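Only one structure is covered here, and it is reproduced in the block below.
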Amino acid sequence: MQAAERDGVAGGLEATAAVAATGGGEASSEPPSPPKAASFDLLDLVRSYRRLELYLEPLRDAAEGVRALLRWQRPLCSLLVCLGLNFLLLTLDQAAWYSVLALLVLLPALLGYLQETYRVRPSERELLRRKYHSVRREDLRRVQLSRQEALAQVKCFLIQLEGFLSGLCYNCEAVYRVLYWENPTVSSQFYGALLGSVCILYLLPLCWVMAILNSTLFLGNSQFYQVIKELKASVEQSLGTKPLESAPEPAKPLPTDAPPDRTPTPTSTEDLTPGSVEEAEEAEPDEEFKDAIEEDDEGSQCSADFDLSLPDNGFMSKNDVIRSKVSRLTERLRKRYPSNNFGTCTGCGATFSVLKKRRSCSNCGNSFCSRCCSFKVPKAVMGATAPEAQRETVFVCAQCNQMLIK
């Protein structure tokens, strides 16, 4: 009986193998189907990028804290950290440093374990409230966005990606310029610093090398010197050693003879337009009271031009015609020059007056005198796209001028 069963099982296996071979032959005769093309969804890429931002948020916060310490945004904290690190680097031995590293490894593990162990278990009602009123990190894949929100997310991601790639390319170009000696001064400084670092590592102990590196990071940046300058200025102001700036004495008016009554002779065919008034406003002499002289010169220049644009009607004398034209010109110039001259210059601190006119920076909007706000830049530098923006210029302060021309 068992022998018959074994024969039956063997026959069934042979039949199955024959059917499989026949089917395999038919399958091999058919051409293989082309592989399915991999689909690329830009919105999924953006979601993954946002999730990565959430996961790396603690590292970003730590980097921001380190950057704030190195930039001396809080001078007292930066000073304490710098001195504390130097003290630890110079006093701790090798065994103590291994203990500190072990503590740094165990501390996050212990904090995570305690947080999970002693975490307050929320009630069912609290869980329902969190479910309907919060979005968790694991729920980001199931969030349904509208088309406008998706496009906004994709656009923001592409802008950030473009900025990151631009900065990376700029840094790579700077490295290549140093390596290929395009700027011999910078390249010599770089290789000299490398050789000096190797010599210091060979001659000095490691603790001293780390202390020098820490001091260089904290003390060798421009923010530290800015803090020192501010501290020095505050100390001088508190002690009263800084002399007060004396106000400029007004110049004595020169005696002038009464000009004869005469009509202005037409010297050009230029009409009084806003562009001509703006060009007259931009003219700057180099005298002490250039604003007052500029106002007088522009008034006479524009009055001569205005005489051509308004013909005589025959019922008024020449003096009446001139007075009417000058009154209209004065109204136009009053719009150009504000009557409120109170305040001080942001740059030099000079008080605005009739002789010291106020001028606003076209980039930052702060109020300056004509000496501090005397730099001209094209409007195209500030983002204007009109064709005339390449030719038209506006006044900016010195700080904005340095920022815009870079």
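Positions of Cβ are set from backbone N, Cα and C atoms, glycine also.
Model, not experiment: these values are computed from the prediction.
Secondary structure at Cys369 (Zn(2+) 1 binding site), as computed by DSSP, is coil. Annotation for Cys369 (Zn(2+) 1 binding site): same-chain Cβ neighbours under 8 Å, separated by at least 6 residues, are Cys345, Gly347, Cys348, Ala350, Phe352, Lys356, Lys357, Arg358, Arg359. Here Swiss-Prot flags Cys345, Cys348, Cys369, Cys372 as Zn(2+) 1 binding site.
The annotation compositional bias 'Pro residues' is assigned in Swiss-Prot to 250-263.
Swiss-Prot lists 278-295 with the feature compositional bias 'Acidic residues'.
Residues or ranges marked as region 'Sufficient for homooligomerization' by Swiss-Prot: 1-97. Over the region 'Sufficient for homooligomerization' (1-97) the predicted model carries a mean pLDDT of 72.
Per Swiss-Prot, region 'Disordered' is recorded for 239-295.
Within its own chain, the transmembrane segment (72-92) has Cβ neighbours under 8 Å at 100, 207-208, 210-211, 214-215, 218-219, 221, 223-224, 226-227, 231, counting only residues six or more beyond its boundaries. The transmembrane segment feature in Swiss-Prot is assigned to 72-92 (among others).
Marked as transmembrane segment by Swiss-Prot on the basis of sequence analysis: 94-114 (among others).
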Long-range Cβ environment of Cys372 (Zn(2+) 1 binding site), under 8 Å and at least 6 residues apart: Cys345, Thr346, Gly347, Cys348, Cys397, Ala398
